[in-house]
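Undergrad: Got a structure here, written out as structure tokens. Questions coming.
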Amino acid sequence: MDAFATSPTSALIKAVNCIAHVTPMAGEDSSENRRASNYKPSSWDYEFLQSLATSHNTAQEKHMKMAEKLKEEVKSMIKGQMEPVAKLELINIVQRLGLKYRFESEIKEELLSLYKDGTDAWWVDNLHATALRFRLLRENGIFVPQDVFETFKDKSGKFKSQLCKDVRGLLSLYEASYLGWEGEDLLDEAKKFSTTNLNNVKESISSNTLGRLVKHALNLPLHWSAARYEARWFIDEYEKEENVNPNLLKYAKFDFNIVQSIHQRELGNLARWWVETGLDKLSFVRNTLMQNFMWGCAMVFEPQYGKVRDAAVKQASLIAMVDDVYDVYGSLEELEIFTDIVDRWDITGIDKLPRNISMILLTMFNTANQIGYDLLRDRGFNGIPHIAQAWATLCKKYLKEAKWYHSGYKPTLEEYLENGLVSISFVLSLVTAYLQTETLENLTYESAAYVNSVPPLVRYSGLLNRLYNDLGTSSAEIARGDTLKSIQCYMTQTGATEEAAREHIKGLVHEAWKGMNKCLFEQTPFAEPFVGFNVNTVRGSQFFYQHGDGYAVTESWTKDLSLSVLIHPIPLNEED
């Protein structure tokens, strides 16, 4: 189908770059009656970040050649003959080292072979084997019923007490339980049982390696972890194991550093773009390019998706600024003008806005139109109507929240979340990523519009991102003058304490993950990359908001991980 066939002609943009005439009325921003955001300046050196675009590691070419040889060796390991449990453990290690994308087909083939094997003696009475098999199969799109855990229950229907001593089995059960669906009560019981008992023994585990794995899992289960972040931690952890495979470890290090060098060049180019926009000089909004690049790597780290990361990071950096305009800086009249301009996707009327807000708006238009132009040039598809629609919907949601604040209206939790799962902004990034990666035979005006309509998969992604954001940021945002968040909405609606409200929101997180998990198995019109993007944006949020607001404020844990994931290569042995 012709990509232009059903597109509204009004959405066909005549020029990529918008140039506005700024009148004296828009010349200065009055600070009178504007709320202060009190954001700290970015702690990142943008000159250094820009230099990453041209940095060259001469050893990298040598490592790439060595990595290709090691890759074939690892492929042979995966396909080799071994005991079923050993095969599962190897696949688990390969995935945790961040190498799943290199061996996708081999892993799926081996897991299918184990799944179709009629023999169950090797796993049916072994909690570790049963749980590891369950998790790996579900992670890779092969459904296994929860009933496989029934054999580990006693006559009263509770998990057998002797399992409390099986720490490795408990750990595998714990990780498996996070792939449960709504209504899978057995997995809920497994989560509670394994969590309680692992917490009871975590300080007394004799094996240092197993003890570290348990504490790491209790802090963040694998299913909720971003693959790239997890790989950086696990590479160091795997190196400490007694039975480490040296060539597998070496390949993981090589691959991590090779991908990191690609990310560094991308980050350098993005830093240059950011400085050229001039928006890095605006002090009333957040400067979050580095955080957004980390988020982009959580969403999709694989080298072949550089254009997806580039668009996602640019849009997310602008979204943070637009969000701050609506939440704190702009007057209600200015916000209505801003929303109208975006809704029309026409800069007529921009002279009614202050200069600083106009700069953000124009950069937003120019960036979106450039992304749309690249889509048309590279894929023959006009994506601008869909990107513009996503921006318009987002700004309308922001405006609704601003009106709530200015009028003193207190929404119910349900009303807040219905608006908030879109105002969290990930629909825009997901729409753009869909346009960039969907197969051309399936990419139509209607299919792109469907993504914009927030179907169930996108809805769960938005809801989880919103809940994580609120758990990490609500107190600070309300202190800045932002609208009530989910925690405060629940407190107002029910009279609950803040502690009780937080526990309720955490419960909603677990329930929303169950809905997301089920979506991953349901018939979907989406190709695999897009499905993964939805889940991975949530994993990025989990990281940034796990211990507070690691997004708006560059906390030590976010900066340390950013340095280890993006800046500092993994040290190699001298002979490498």
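Our numbering is plain: 1 for the first residue shown, then up by one each step along the chain.
Using N, Cα and C of the backbone, Cβ positions are placed for all residues, glycine too.
This is the feature table in Swiss-Prot:
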BINDING   Arg286, Asp323, Asp327, Arg466, Asn469  (2E)-geranyl diphosphate binding site
MOTIF     323-327  motif 'DDXXD motif'
BINDING   Asp323, Asp327  Mg(2+) 1 binding site
BINDING   Asn469, Thr473, Glu477  Mg(2+) 3 binding site
Undergrad: Take the Cβ of Asn469 ((2E)-geranyl diphosphate binding site) and count every other Cβ within 10 Å, whichever protein chain it belongs to.
TA: 22
Undergrad: Counting other CB atoms within 10 A of each CB, which of the binding-site residues Arg286, Arg466 comes out lowest?
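TA: Arg286, out of the binding-site residues Arg286, Arg466, has the fewest neighbouring Cβ atoms within 10 Å.
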Undergrad: Whole-number Å only: compute the distance from the Cα of Arg286 ((2E)-geranyl diphosphate binding site) to the Cα of Thr473 (Mg(2+) 3 binding site).
TA: 14
Undergrad: Where DSSP helix means H, G or I and strand means E or B, what are the helix, strand and coil counts for the motif 'DDXXD motif' (323-327)?
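TA: Looking at the motif 'DDXXD motif' (323-327) with DSSP, the answer is 5 helix, 0 strand, 0 coil.
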Undergrad: For Thr473 (Mg(2+) 3 binding site), just count the other CB atoms lying within 10 A of its CB, please.
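TA: Taking all protein chains shown, Thr473 (Mg(2+) 3 binding site) has 21 Cβ neighbours within 10 Å.
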Undergrad: Return one of helix, strand or coil for Arg286 ((2E)-geranyl diphosphate binding site), based on DSSP.
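TA: Coil, per DSSP.
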Undergrad: Between Arg466 ((2E)-geranyl diphosphate binding site) and Thr473 (Mg(2+) 3 binding site), how far is it from one CA atom to the other, in Å?
TA: 10
Undergrad: Averaged over the motif 'DDXXD motif' (323-327), what pLDDT does the prediction give?
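TA: Per the prediction, mean pLDDT sits at 94 for the motif 'DDXXD motif' (323-327).
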Undergrad: Counting every protein chain present, what is the number of Cβ atoms, excluding its own, within 10 Å of the Cβ of Asp327 ((2E)-geranyl diphosphate binding site)?
TA: 22
Undergrad: Work out the three-state DSSP category of Arg466 ((2E)-geranyl diphosphate binding site).
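TA: The residue in question, Arg466 ((2E)-geranyl diphosphate binding site), is helix (DSSP, three-state).
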Undergrad: Roughly how many angstrom lie between the C-alpha atoms of Asp327 ((2E)-geranyl diphosphate binding site) and Thr473 (Mg(2+) 3 binding site)?
TA: 13
Undergrad: List the Cα distance (Å, whole number) between Thr473 (Mg(2+) 3 binding site) and Asp323 ((2E)-geranyl diphosphate binding site).
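TA: With distance taken Cα to Cα, Asp323 ((2E)-geranyl diphosphate binding site) is 14 Å from Thr473 (Mg(2+) 3 binding site).
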